[in-house]
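Annotated in TrEMBL:
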DOMAIN    86-186  domain 'CAAX prenyl protease 2/Lysostaphin resistance protein A-like'
TRANSMEM  36-61  transmembrane segment
TRANSMEM  73-93  transmembrane segment
TRANSMEM  119-140  transmembrane segment
TRANSMEM  145-166  transmembrane segment
TRANSMEM  200-222  transmembrane segment
Amino acid sequence: MWTPALASLITRLLLHEGFADISLRLGGRRTLKSIPVVFLLPIAVGLTAYGIAWITGLAHFVAPKTYLTAHPIAIFILFLLANTTLGTIYGLLGSIGEEVGWRGYMLTRLIDAQVPRPVLLSGIIWGVWHLPLMLVGLYYASPILFLSIVLFMISVTSFGYVIAYLRLTTGSIWPAVFLHSAWNAIIQNVFDLFTQGDSVLLWTGESGVFVALTLLAVAFIFSRRQCAMLRTLPKQGEPLV
């Protein structure tokens, strides 16, 4: 997960670009305003996509075996709360490694180069980076590999719109880092864990039909929102541009 960060840091050193526009400052009120998106979006996508799969019977809601004897829904809520908080914090190290490279470097450089649709292209590159793991069956690969790849690319590219929006509207890398980590913790450690079925990878998960379509709808909403790009946070007293 740290290869994007390492590649970007080496490039910065070789090109003498400096490190300021990684934008590691927290962002104050702008970052605080992003908190609902960071934590509620993965939950909303999960409830929508996985909920459809559960209700239609295409996948089944099944609580994992634990020492807990509570109702499955109570166990689900407990897992959800734990991963929304502790799980997100635990995953920050890996998310930082990706986001410093993707949204902390690649996205802004695509914008600087005036590449058409830089957010779209950055999402596609991000998705392609994951494909070797899918090709060897280590990451969200259903028996229909080609379909899994197509759906996964839709999911990741769509999700990239949301992360890019947070990065560019706050001027800080941290909302992107936290959203990335929260998504992994909530979707992979909760919704995936509580979902079983013969075709579970076809309908749910990042290469599932329902997740891809839900994220595509979310991306459409965010792509219609106009925002000024904050490459970095302005210094105190400077106007927002």
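In case you wondered, yes, glycine gets a Cβ from its N, Cα and C as well.
Because TrEMBL annotations are produced automatically, they should be read as predictions rather than curated entries.
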Open item on the list: Are there residues at least six beyond either end of the transmembrane segment (119-140) with Cβ under 8 Å to its Cβ atoms? List them, or say none.
Closed with: 4, 102-103, 106-107, 110, 148-149, 152-153, 155-161, 164-165, 201, 205-207, 223
- [ ] May I ask for the residues of the chain that lie six or more residues beyond the transmembrane segment (36-61) and have a Cβ under 8 Å from a Cβ within it?
- [x] 72, 76, 80, 84, 88, 162, 166, 175, 178-179, 182-183, 185-187, 190-191, 194-197, 199-200, 203-204, 208, 210-211, 213-215, 218
Open item on the list: Looking only at the domain 'CAAX prenyl protease 2/Lysostaphin resistance protein A-like' (86-186), what is the model's average confidence as pLDDT?
Closed with: 93
